[in-house]
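Notes to accompany the following structure.
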Amino acid sequence: MIDDIRETKECQLKDPMDLFHSGQVVKICAPMVRYSKLAFRTLVRKYSCDLCYTPMIVAADFVRSAKARDSEFTTNKGDHPLIVQFAAKEAQVLCDAARIICPFADGIDLNCGCPQRWAISEGYGACLINKPELVKDMVRHVRSQIDNPKFSVSIKIRIHEDLKRTVDLCQKAEAAGVSWITVHGRSIEERHQPVHYDAIKIIKQSMSIPIVANGDIKTLKDAENVHHLTEADGIMVARGLLANPAMFAGYEETPFQCIQDWVDIALEHGTPFTCFHHHLMYMMERITSKQEKKVFNVLSSTSAVLDYLNDHYGL
């Protein structure tokens with residue numbers, strides 16, 4: 001896939017930092033396993049999303065295997081600005097992955113926030129917030145080995161119980177040349193507890209680089225409130241965009257045009273049925289009755305889904 005796009009892509013690259021200097025809050029689609037792939041990124045970009053992340057990719061696999069590169073990363077010339085998120089625990093492996101991706105993306109992000117057991121047991125994700133020197137080293141290595149000064153290097157973190165440790169981590173990353181930091185306002189142990197927006201504000205006030213707020217943002221109103229509470233430069237949304245990909249454009253629930261757009265984009269990209277169907281289940285969650293969900297959620301083919309949408313919504 002990378003070879004196929006080499007010619008069309010290199011002239012399309014953008015400087016993501018321009019977004020943070022625009023004076024507007026940057027609206028960002030989060031890295032989501034299985035979901036924030038090219039087709040969905042294409043959809044949310046139609047509805048006022050400024051910056052998109054890929055799902056997390058394990059850097060070691062990406063460097064080692066052409067098969068992993070082809071299955072994990074697809075893009076096209078309209079897919080910008082684009083940040084590729086990597087899971088890594090060694091500076092040189094992250095650098096090698098960054099060098100491969102550099103001609104086709106606008107930056108990389110180091111995942112320091114994934115709380116899943118498998119990631120932490122492998123030394124990836126949220127366990128890195130307890131290794132500030134390693135994070136600093138990884139950022140510095142990528143900075144020194146990528147020639148393009150516009151190529152961003154960011155990190156996405158969770159917070160510590162002792163916020164001083166988080167501020168220390170962020171300041172070390174800033175000193176190493178990190179472009180911006182996304183803060184999910186929960187600790188590793190917290191799942192559904194309220195997000196600590198006050199902690200994000202303290203981190204923002206301690207830094208001179210952009211800070212992005214993440215966690216429990218479901219509507220554009222939520223995004224505005226979180227911006228007000230945290231003074232963050234950007235707002236990153238995950239599940240809120242799954243439920244309503246038009247959220248950043250101000251729609252309170254998924255408009256039918258957005259559902260139509262998803263069908264068109266997904267079919268054009270050859271999106272696998274399970275992914276195509278799951279996205280529709282999320283999008284239609286708020287606009288269908290319990291009875292309708294029972295029927296729609298068990299449909300088992302693209303043609304059955306298309307017939308249902310045509311019969312019930314004229315799509």
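Using N, Cα and C of the backbone, Cβ positions are placed for all residues, glycine too.
Annotated features, as they stand in TrEMBL:
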- 29-292: domain 'DUS-like FMN-binding' (DOMAIN)
- P31, M32, V33, Q85, H184, A238, R239: FMN binding site (BINDING)
- C114: active site, proton donor (ACT_SITE)
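Recorded features from TrEMBL, shown on the structure.
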residue	record	Cβ contacts under 8 Å, 6 or more apart
P31	FMN binding site	Y53, T54, P55, M56, I83, Q85, D109, N111, K156
M32	FMN binding site	P55, A238, L242
V33	FMN binding site	P55, M56
C114	active site, proton donor	M56, A87, I120, Y124, G125, A126
H184	FMN binding site	G113, K156, I157, R158, I159, V195, N214, G215
R239	FMN binding site	K218
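Of all Cβ atoms in the shown protein chains, 20 besides its own fall within 10 Å of the Cβ of A238 (FMN binding site).
Of the residues the record lists as binding FMN, namely P31, M32, V33, Q85, H184, A238, R239, the two whose Cα atoms sit farthest apart are 17 Å from each other.
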